[in-house]
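J.: Below are the features listed in TrEMBL for this protein:
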BINDING   70, 121, 209, 213  Mn(2+) binding site
DOMAIN    46-129  domain 'Manganese/iron superoxide dismutase N-terminal'
DOMAIN    140-242  domain 'Manganese/iron superoxide dismutase C-terminal'
SIGNAL    1-16  signal peptide
Ligand SMILES: [Fe+2]
């Protein structure tokens, strides 16, 4: 059928339908209503980035199985559950992870816990590097640690004490406070020092995960041994850059 012919036929059918509707009694609609078009799902607000190194890159300090499960299962679950929680509350649409974290005390527990879980783990992966590739501490940070704690060894001992004292699950942190001074603090669950609910607030520059899922396969109940060994894979170059940025932002 040519296009003009098809147009003429369609027009005739349309006119006939109008005419029929105009004089026919109203009858119940028997044809099924067309199904609404499937809504295009919104893209997930948050995604899990790959590790900046391989799952086996922190051996023997952190074993491959622990790294694999920790990143691909635990961290993935925080991301997935955060996306679900945010999707359920339009008021949170478009917020960054940092915007969620700083107002955690005003948010539902599912958002607070999973936003913290996502932020904390991203920060944790980036705190570490393979032992052969960790950077050197900056003179400024080394001096600040000496000034605040007496020595690097004394700092590590205090950090370990805070990590072992954390009852249950949580994190231990080195932060830069509002006064510019370094401080060690610990948070429960997936809270962190950026949160409005933190007992001690500040800008984290080191964070260690002391949940059992971070160390149990290799260290079992020996959290203190995990805390001791962990320093071998702390990237002091990265930590020093964070220290400089925290001071520059004050
Ligand atoms: Fe963890």
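Using the three backbone atoms N, Cα and C, a Cβ is placed for every residue, glycine included.
Remember, it's a predicted structure, so these values are computed and weren't measured experimentally.
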J.: Helix, strand or coil at residue 121 (Mn(2+) binding site), per DSSP?
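T.: Its secondary structure by DSSP: helix.
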J.: Kindly state the mean pLDDT of the domain 'Manganese/iron superoxide dismutase N-terminal' (46-129) in the predicted structure.
T.: 97
J.: Could you work out which of the binding-site residues (70, 121, 213) has its C-beta surrounded by the smallest number of other C-beta atoms within 10 A?
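T.: If we count Cβ atoms within 10 Å for the binding-site residues 70, 121, 213, the smallest count is at 213.
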J.: Once the chains shown are all counted, how many other Cβ atoms turn up within 10 Å of the Cβ of residue 209 (Mn(2+) binding site)?
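T.: If we count other Cβ atoms within 10 Å of residue 209 (Mn(2+) binding site), we arrive at 25.
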J.: Treating G and I as helix alongside H, and B as strand alongside E, what does DSSP give for the domain 'Manganese/iron superoxide dismutase N-terminal' (46-129) in helix, strand and coil?
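T.: Tallied per class, the domain 'Manganese/iron superoxide dismutase N-terminal' (46-129) gives 55 helix, 1 strand, 28 coil.
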J.: Give the residue counts of the domain 'Manganese/iron superoxide dismutase C-terminal' (140-242) per reduced DSSP state, in the order helix, strand, coil.
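T.: Across the domain 'Manganese/iron superoxide dismutase C-terminal' (140-242), the residues distribute as 49 helix, 22 strand, 32 coil.
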J.: Near the Mn(2+) site, what residues other than 70, 121, 209, 213 in the same chain have a C-beta no further than 8 Å from the centroid of the listed C-beta atoms?
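T.: Result: 71, 74, 75, 124, 211, 214.
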